[in-house]
Amino acid sequence: MKTLLLTLVVVTIVCLDLGDSLRCYMGPKTPRTCPPGENLCFTKTWCDPRCSLLGKLVKLGCAATCPIPKSYEDVTCCSTDNCNRFPKWERSRPRPRGLLSSIMDHP
């Protein structure tokens, strides 16, 4: 009887511990379980010299505290599973220009 009770206690502790693990996106479609002590998900975005052509750079991940943004960065943090989805950009991207598009533009 004591063995059964001890087994139930161990299983309960393990299950409760797993329930506290936060899941965050680490890439556009890759959620992972955060390490112990990291209870926040974050999304960090910033521009580089190619930002006008390719859009902002994005870093997703887990953190113990919300990262402090540098002057050129935007950072958001949240604390529920998979709450840091890859951003959907509202800005339209320029149309690629090449031989085929030039022919299509001038029939």
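Glycine is no exception: its Cβ is also placed from the backbone N, Cα and C atoms.
Take the candidates Cys15, Cys24, Cys66; Swiss-Prot pairs Cys41 in a disulfide bond with Cys24. For Cys66, the disulfide partner named by Swiss-Prot from the candidate list Cys62, Cys77 is Cys77.
The most densely surrounded of the disulfide-bonded residues Cys51, Cys62, Cys66, Cys78 is Cys62 (count of other Cβ atoms within 10 A of its Cβ). Of the listed disulfide-bonded residues Cys24, Cys83, the Cβ environment within 10 Å is emptiest of other Cβ atoms at Cys83.
By a simple count of nearby Cβ atoms, those within 10 Å, the most crowded of the disulfide-bonded residues Cys41, Cys47 is Cys41.
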